[in-house]
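Have a look at the structure below before the remarks.
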Amino acid sequence: MLNPYSIAGNNLEEAKRALYQKRWDRDSQLYQFNQEKERARQIVSPNDLIRLNIGGKITVTRRETLIKVPNSLLAKTFDGTYQNYLRPNSDGTYFLDYNPFIFTRLLDQLRMLKTNETINFSPPLSSTLVKPFNKMLKELGLPLPKQSPNDIISLNVGGEKIVTLRKTLTSVPNSKLAQLISSTKGTKYDQLGQPFLDYNPKLFQHLLDQLRQGKNLKNKDLNLLSNENQDAFQAMLSDLREVKKSVSQPFLDYNPKLFQHLLDQLRQGKNLKNKDLNLLSNENQDAFQAMLSDLREVKKSKKARTNKSRKQKTTLNPSKTTKKN
């Protein structure tokens with residue numbers, strides 16, 4: 001009869017052998033995978049010409065250009081690491097669904113990138129293309145560009161193109177001028193994607209010249225071109241200094257068409273109490289009257305709260321209502 005301790009010892013040895021075998025199999029598979037990956041890399045040559053279809057535009061570049069940034073998804077796609085990630089079409093063309101302009105800009109910078117050089121991609125000058133350019137970089141596993149004070153910024157001022165550096169525009173923090181290039185919210189753009197400013201180009205250029213000298217929008221000694229332009233120059237300065245705070249829009253649960261019709265009549269001098277407020281049509285009469293009733297009720301409740309508040313103040317301060325004898 002076998003000793004229970006001997007049986008347990010045998011089971012433990014069998015478990016160890018099974019574990020060692022699994023590790024051996026795993027290591028063998030990993031070794032084979034690395035060998036196949038290395039063979040795949042040896043098959044491809046850095047000088048191979050790669051034909052790309054970028055958003056419908058055919059572009060040809062060398063493989064070495066696409067693998068300039070090691071460990072990026074773009075490099076692994078074309079160095080043999082991820083052979084099945086992107087397969088060529090029947091004509092050997094690889095399709096990438098990106099804006100041809102921004103991808104071409106990326107290719108140009110990859111071509112100029114030297115070995116062991118610090119990677120810092122430069123976005124397009126057009127502000128509307130910066131976001132899709134950064135999104136493309138992120139999807140391809142490439143580092144996002146870093147903003148530099150010496151970035152070149154192109155503006156459309158009153159129909160004229162004016163080019164300056166980022167540091168000139170950001171010399172006045174928290175100003176509308178600085179927000180032009182830090183946020184797309186509220187900024188208008190022309191057909192080329194340049195921020196549009198509705199100012200006199202000559203006055204704006206004169207302002208930039210003084211900002212480059214170290215002055216800022218708050219300086220009272222900003223020089224004018226001529227006395228006749230003083231009002232326009234001051235108006236421009238006032239507008240550029242202003243930073244409008246974002247205000248949440250109130251929600252009104254009414255028919256937009258009926259509410260717009262009401263606004264049109266209010267602009268004519270009528271008010272909510274007028275009985276001659278015109279309706280758009282008879283079928284909308286009930287909805288229109290319900291909206292008017294609701295809006296009048298809001299006004300009454302607000303007035304009631306105001307009167308109640310006044311009464312409370314009077315109660316708390318009776319001395320103010322007591323006449324002196």
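From the backbone N, Cα and C atoms, a Cβ is placed for every residue, glycine too.
Given the structure is predicted, the values throughout are model-derived calculations rather than measurements.
The domain 'Potassium channel tetramerisation-type BTB' annotation in TrEMBL covers 50-112, 153-221. Look at TrEMBL and you will find 298-325 tagged as region 'Disordered'. For 299-313, the entry in TrEMBL reads compositional bias 'Basic residues'. Look at TrEMBL and you will find 314-325 tagged as compositional bias 'Polar residues'.
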If you run through the domain 'Potassium channel tetramerisation-type BTB' (50-112) with DSSP, how many residues end up as helix, strand and coil?
23 helix, 15 strand, 25 coil
Looking only at the domain 'Potassium channel tetramerisation-type BTB' (153-221), what are its DSSP counts of helix, strand and coil residues?
20 helix, 15 strand, 34 coil
